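Let me begin by presenting the structure, written as structure tokens, before commenting on it.
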Amino acid sequence: MTNGDSSSSALTDNERAVLDDIEAQGIDFLRLQFTDILGTVKNVSIPAHQAEKAFTEGIYFDGSSIEGFVRIQESDMRLDPDPETFAVLPWRSNGDGGSARLICDVVDREGNAFAGGPRQVLKNVLARADDMGYSVSIGPEPEFFLFEKDDDGNATTTAHDQGGYFDLAPKDLASDIRREIIFTLEAMGFEIEASHHEVARGQHEINFKYDDALTTADNIATFRAVVRAVAEQHDVHATFMPKPIGEINGSGMHSHISLFDEDGENVFADNDDEFNLSETAYQFMGGVLEHAPAFTAVTNPTVNSYKRLVPGYEAPVYIAWSGVNRSALIRVPDAAGVSARFEIRSPDPSCNPYLALAAVIAAGLDGIDTDADPGDAVREDIYEFDEDKRDAYGIDTLPGHLGDAVTALESDPVMQDALGEHVCEKFAEAKRHEYAEYKASVSEWETDRYLEKF
């Protein structure tokens, strides 16, 4: 695969290892992947023999054609593959050859990191954490639905099964699909911890092990692609839409967060505390609670996201924290020592994982900087509080719709700084357009309720 010329001498050890893997595993094509500002995975496919050129020169593309990137007069951009993200795509491999993927960073024509690249936004926030002496560990729990297709192959909202929480077959018809998803993920380097049927009919969860924040964001994007690909092979449709069916639980992406110092010690841990959390953990938590209204536009980025964030369906609405109370935005699991952490429960799996993690981490780091106070734990079901009781506890609510969430994002200097001017401007523009389209639409609920009444 290498040819001994000056370009090959510029390869890193990791890049050389990828070239060796490509040859050893009979890879014919490489998918070079990145995400647009909304989190949609984009890719360009190249013959495997172009891999060395991709590493040494990059692959050019038209940035003006990508949502949230650049204007046409600034359109020349380049993909730089990250060799540590190399993975064979099991569903694209056979005896005649196979395909693999590399996740890429985006640079401009001068070779500078593109400030509007979501992966770069997360890298910038993690660099700030590193300057403060921390690495960030994230463990996500993405949920998804499996739906039947109609005779024309289009997705429906007919659940693939009628199972419930932790059900077994025959109610859980998707156990074999989850099993194949797990095998595929493991073949791509994931460490799977558990899988099960979720509360709602047709709803599922597969948990993979926590990792550093950048790897976790890459893994979330990969996870969504794998779930969809395996579902297609079984002629069902997988969706990460937060609330595809009313009156049942929606899909979230609860995320467990902890910080580690340069010696690998969990700085969130304090075994003398009631919740096994340190002062640093409470400061970080305080920052997350303070900036939650602003980052909600990023962690819950669709009109549909706010159909999930309503009382009564195990999704958070109120900005508070608790030990075991799932009505709060933040829950502290019963864990100590190296496992000390807290869980933020609002994100949903439709988010751009790079921007969502960047926003939450930036909020927490600001809390450490400002010695933010999260207040006392709420030990009661907040869903049962009336407005006066919530006011007495000082409990605010998350934005009720996408429009309010975008306004909060645009009003928060910490989020503006973390995401960068380019991303904030382009993201807000796209989301305001989406919300305006939604407000102008007429739903089936409205026609069912009013068409014959008036």
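Cβ coordinates are placed from backbone N, Cα and C, and glycine is handled just like the others.
Swiss-Prot lists GLU141, HIS254, GLU343 with the feature Mg(2+) 1 binding site, giving similarity to another entry as the kind of evidence. Taken from Swiss-Prot, the feature Mg(2+) 2 binding site applies to GLU143, GLU198, GLU205. Look at Swiss-Prot and you will find GLU193, HIS256, ILE257, SER258, ARG326, ARG331 tagged as ATP binding site, backed by similarity to another entry. Residues or ranges marked as L-glutamate binding site in Swiss-Prot (evidence: similarity to another entry): ASN249, GLY250, ARG308, GLU314, ARG326, ARG345. According to Swiss-Prot, the domain 'GS beta-grasp' annotation covers 25-111. According to Swiss-Prot, the feature domain 'GS catalytic' maps to 118-454. If you look up Swiss-Prot, you'll see ARG71 marked as site 'Important for inhibition by glutamine', on the strength of similarity to another entry.
Overlay of Swiss-Prot feature records on the structure.
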residue: GLU141; record: Mg(2+) 1 binding site; DSSP (3 states): strand
residue: GLU193; record: ATP binding site; DSSP (3 states): strand
residue: GLU205; record: Mg(2+) 2 binding site; DSSP (3 states): strand
residue: ASN249; record: L-glutamate binding site; DSSP (3 states): coil
residue: HIS254; record: Mg(2+) 1 binding site; DSSP (3 states): strand
residue: GLU314; record: L-glutamate binding site; DSSP (3 states): coil
residue: ARG326; record: ATP binding site; DSSP (3 states): coil
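In the three-state DSSP classification, GLU198 (Mg(2+) 2 binding site) falls within coil. According to DSSP, ARG308 (L-glutamate binding site) is assigned to a helical segment. Per-class residue totals from DSSP over the domain 'GS beta-grasp' (25-111), listed helix then strand then coil: 22 helix, 41 strand, 24 coil.
Under DSSP, ARG345 (L-glutamate binding site) is assigned to coil, being neither helix nor strand in the three-state scheme. ILE257 (ATP binding site) and GLU314 (L-glutamate binding site) are 20 Å apart (CA-CA, integer value). Non-local contacts of GLU343 (Mg(2+) 1 binding site) by the CB criterion (under 8 A, 6+ apart in sequence, same chain) comprise HIS254, SER255, HIS256, ILE257, ILE330, ARG331, VAL332, PRO333.
For GLU193 (ATP binding site), other Cβ atoms within 10 Å of its Cβ number 12. For GLY250 (L-glutamate binding site), applying a Cβ distance below 8 Å and a minimum sequence separation of six or more within one chain yields ALA200, PRO242, LYS243, PRO244, LYS307, ARG308, TYR313, ALA315, ASP348.
Checking Cα-Cα distances from GLU205 (Mg(2+) 2 binding site) against the binding-site residues (GLU141, GLU193, ARG326, ARG345) with a 10 Å cut-off leaves GLU141, in sequence order. Sequence-distant contacts of ARG345 (L-glutamate binding site), defined by Cβ-Cβ distance under 8 angstroms and a gap of at least six in the same chain, are GLY252, HIS254, ALA315, PRO316, ARG326, ALA328, LEU329, ILE330, ARG331. The highest number of surrounding Cβ atoms within 10 Å, among the binding-site residues ASN249, SER258, is found at SER258.
Neighbours of HIS256 (ATP binding site), defined as other CB atoms within 10 A of its CB across all chains, total 19. Taking the C-alpha positions, the distance from SER258 (ATP binding site) to GLU141 (Mg(2+) 1 binding site) comes to 15 Å. According to its DSSP assignment, ARG331 (ATP binding site) is in a strand. The average pLDDT for the domain 'GS beta-grasp' (25-111) in the predicted structure is 84.
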